[in-house]
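Undergrad: The annotation domain 'Phosphoadenosine phosphosulphate reductase' is assigned in TrEMBL to 51-219. Among the features that TrEMBL reports, [4Fe-4S] cluster binding site is placed at Cys132, Cys133, Cys213, Cys216. Taken from TrEMBL, the feature active site, nucleophile applies to Cys239.
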Amino acid sequence: MPSDRTSDFAREIAAVRETALKIAALNERFEKLHPRDIIEEAVQDPFFGKMAVVSSFGAESAVLLHLVASVRPETPVLLIDTLKLFGETLQYQNRLQHSLGLEDVRICAPRKRDIEHHDPLGTLSASDPDKCCRIRKTDVLDRGLAPFDSWMNGRKRFQSSVRSVMSIVERDGTHIKLTPLANWSAEQIKAYHKEHELPPHPLLSRGYGSIGCYPCTSKVEEGEDDRSGRWRGLDKTECGIHR
Ligand code: SF4
């Protein structure tokens, strides 16, 4: 007769397998759908449970936020405010929130005691950017996502080689992660922006491509990849939010 521990383990394995099969089936279906249909199906599917959107309110964020607002405007939207964001990003957040009718935007910031302990001079981004991203972004995201079962994000496969292989639905630790725009091209994003007359991030017209924290974001030159302005000169391409 199996012990309790053996049966617990068997149950756990069965649950993991079931989740993996469901994710595979969703990915097969979602690859053929428009992002709006993906979002519509996901918010109604109990598999995703309580869902939030995580947005940087950056250069291309308006597209996902517009889609979410058109499907379910009460969806919680989390902005991780690292306390190192451009003032223009916070103004843009305010503008988009009101123009799109997003009803539940939550600003998640690092704990004062963590900043005082690990980055009292505010210069950690220069000496240890990975640690800075952990304190100011990933730990904050973990706390912000704690009440939720799943989250949506706006990454696209065309943005980088790391992102080129991501799935629309993934497991992310204890959460399910949904990336409805994964297979959209840069042209489709631009066309959607234009069709819906979405306001651009104010820094785009000043030469920025991808917009994050001000110490780690620089302008991009003609012909450069948009994300090349992030952590320029470092062997770092992601903040750690997308593990
Ligand atoms: S992007 Fe730069 S400033 Fe922002 S959290 Fe990461 S290292 Fe710190």
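Backbone N, Cα and C atoms are what each Cβ position is placed from, and that goes for glycine too.
Keep in mind that this is a model prediction, so the values were computed, not measured.
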Undergrad: Could you say which of the binding-site residues Cys133, Cys216 has its Cβ with the most other Cβ atoms inside 10 Å?
TA: Cys133
Undergrad: If I restrict to non-local contacts, at least six residues apart, and a C-beta distance under 8 angstroms, what lies near Cys132 ([4Fe-4S] cluster binding site) in its own chain?
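TA: Looking at Cβ-Cβ distances below 8 Å from Cys132 ([4Fe-4S] cluster binding site), excluding near sequence neighbours, one finds Asp119, Leu124, Ser125.
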Undergrad: Taking the Cβ of Cys213 ([4Fe-4S] cluster binding site) as the centre, count every other Cβ atom within 10 Å, in any protein chain shown.
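TA: The answer is 24 other Cβ atoms.
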